[in-house]
Amino acid sequence: MTIQQVLLLLLLWMWLLHPCRTEMLFRRTPDLRPKGFVGRTSGSDGKALHRQKRGWMWNQFFLLEEYTGSDYQYVGKLHSDQDKGDGSLKYILSGDGAGTLFIIDEKTGDIHATRRIDREEKAFYTLRAQAINRRTLRPVEPESEFVIKIHDINDNEPTFPEEIYTASVPEMSVVGTSVVQVTATDADDPSYGNSARIIYSILQGQPYFSVEPETGIIRTALPNMNRENREQYQVVIQAKDMGGQMGGLSGTTTVNITLTDVNDNPPRFPQSTIHLRIPESSPVGTPIGSIKATDADTGKNAEVEYRIIDGDGTDMFDIVTQRDTQEGIITVRKPLDYETRRLYTLKVEAENTHVDPRFYYLGPFKDTTIVKISVEDVDEPPVFSRSSYLFEVHEDIELGTIIGTVMARDPDSASSPIRFSLDRHTDLDRIFNIHSGNGSIYTSKPLDREISQWHNLSVIAAEINNLKDTTRVPVYVRILDVNDNAPQFAVFYDTFVCENARAGQLIQTISAVDKDDPLGGQKFFFSLAAVNPNFTVQDNEDNTARILTRRNGFSRHEISTYLLPVVISDNDYPIQSSTGTLTIRVCACDSRGNMQSCNAEALLLPAGLSTGALIAILLCIIILLVIVVLFAALKRQRKKEPLILSKEDIRDNIVSYNDEGGGEEDTQAFDIGTLRNPAAIEDKKLRRDIIPETLFVPRRTPSAPDNTDVRDFINQRLKEHDSDPSAPPYDSLATYAYEGNDSIAESLSSLESGTTEGDQNYDYLREWGPRFNKLAEMYGGGESDKDAS
């Protein structure tokens, strides 16, 4: 028997079973009912199935939802035993939907549904029925309550709350690992038939995932799914009611599943050998290059730690891991030298920092590579034999004495001669010099420890073939002390002796200082240059001495001052000594030795003024002198009224000739005769508001006879101003309206141009600005001139 035949038989059986199911649907269950009512039920075709007699249950009617017929759907029939069939009774219906959703025939008691009913909106309706006498309107039967229950049909498909689900599961998970659970709901009645019984199935996503039919739990179906091969999966789940049988309704949803990463891949170097280059002049800490091991994992599972585990350059280089790029940066640890070593080999290891113990069986999660670093030769500057030099020299050495030698060499393979020099910024007084060839430092000026005990020099070494690459080294010169300074009095002593002093009386304690600094400390000796009958010196042997009197009584009227030479010597080699003169005044003292007066003519001197009084007197004198000088200057100043108050004419030199007298000989204006002096004529005048870029040498031009020079001079100035209208006027204006003797410059009639003023139009001068207003008034008189004439 074929599948088609089986399906045909199944359909035939279901068709034959349908009327029986309908009849059972409307069958009433036995129950007590109000006396006198008889209920009739009908099938889907509206025909009466049977008549229920008294004692049968009639208070439940059953109605299929979603009726699609054109007529009202028949629900059932109410009938009373009091009904004779003559129309004397009237059936009344009240309750849920009465009169709108459900109507009753008043004469026959037939109940109909006026529209299609959805069980999902309401599953049952409670109504009340009553039979009354049509004429008296009195009930013939007590009111009875009944229920119309809506029978469900499979008219709702299962639905998922989410249209798209997102889930994740670790890669390499075992078969059956739960991923996510999806749940669908069906609005049909779960207590009636299989309309709400849902079965889940997978439409897309096999063979990677499966779903449990009853629960909707999605599980992995394949072992060792690798994220590195495929990361995203889309699974379509179907939910079907009727227990998944044919004819059931279904709904679908999409589940996007992502495989999350686990550390199942070790790091791998793409190359077994990596070559890097670095110049030998690179300082410590310079990055040489980066290496990177690739890891197919992501996130913390791909984090790698780099380290140098072997090689001949483990002490010369370091490697640092950069977390953001997961690269290993190799840096210089110690200075490199091409001439010492040119190639280094390192063995670098990369290892995962987070290892999952579940995947130890996949092998060690680390890898190694060989890094070869080539040192490149560069033209290095000279290298000194020391990082600094310290020379000690006595301050009394002769000029030109060598105090020390610095040494430097060219570290390159092709060694070049070295040239030495001193940085003069460190030896401004030029006390030292250096031999440029051998680096010997010698003195060029005398040394003095007392002026400067240390000299900090900077020596520069450069290759003769390449003077740009230089190296500096500090040289510290310490000046050693020699005993070249004699001791002196520590301070100036104002010593006096009382007239009533006695022999052996202490009048002064003296001490000395020495600029030298001997190793054993300073020791001074005090003595008198010659035996003195009045005073003596007693050495205290602690670098101090006492001045004592040798006799009784002194008179300031006889001798007011004594000079006592004291010899001070040191104990260093060679011994230095000096003689200091101590001035001792004779003073009058009281009985306790307090000085009262030290000058014999003190009583004859007038009382002196204090310092403050003297300063006040001087200030008064200065103020009086200043006032007198200012008054004299103001008296001599003459106030001159300007002829022209225009701000634009501040550069003009205007002289007024309105006095009567000898004519131009009495004026202070410049002599026009100088225009005929060839020495005073310049080829070109510079504008005053422009700073000349170059200096022009005056050029002499041959003088022209008569008035040609004046004409050429004026034409030249006019040409300059015509070609540069923005320049201020350079020439000075003077009016020559003289009476008296003839001018030594002869007649000015030669300055007259070939045309009259009427032929010229100088109105454009007014458009050049306020600086040319005066010229516009001179040359462009216009109507004012005509009116004046």
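Every residue number used here counts from 1 along the chain in the order it is shown.
For all residues, glycine too, the Cβ spot is worked out from N, Cα and C.
A quick note: this is a predicted structure, and the numbers were derived from the prediction, not measured.
As given in Swiss-Prot:
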DOMAIN    55-160  domain 'Cadherin 1'
TOPO_DOM  55-606  topological domain 'Extracellular'
CARBOHYD  Asn256  N-linked glycosylation site
CARBOHYD  Asn438  N-linked glycosylation site
CARBOHYD  Asn456  N-linked glycosylation site
DOMAIN    488-606  domain 'Cadherin 5'
CARBOHYD  Asn534  N-linked glycosylation site
TRANSMEM  607-634  transmembrane segment
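Features per Swiss-Prot, on structure.
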| residue | record | Cβ within 10 Å |
| --- | --- | --- |
| Asn256 | N-linked glycosylation site | 13 |
| Asn438 | N-linked glycosylation site | 12 |
| Asn456 | N-linked glycosylation site | 10 |
| Asn534 | N-linked glycosylation site | 14 |
What is the three-state DSSP composition of the domain 'Cadherin 1' (55-160), stated as helix, strand and coil residue counts? 0 helix, 48 strand, 58 coil
In whole Å, how far is Asn438 (N-linked glycosylation site) from Asn456 (N-linked glycosylation site) when you measure between their Cα atoms? 20
Determine how many residues of the domain 'Cadherin 5' (488-606) DSSP places in helix, in strand and in coil. 3 helix, 56 strand, 60 coil
Rounded to a whole angstrom, what is the C-alpha distance between Asn534 (N-linked glycosylation site) and Asn256 (N-linked glycosylation site)? 125
Here the Cα-Cα span from Asn438 (N-linked glycosylation site) to Asn256 (N-linked glycosylation site), rounded to a whole number of angstrom, reaches 83
The predicted model's mean pLDDT over the topological domain 'Extracellular' (55-606) is 89
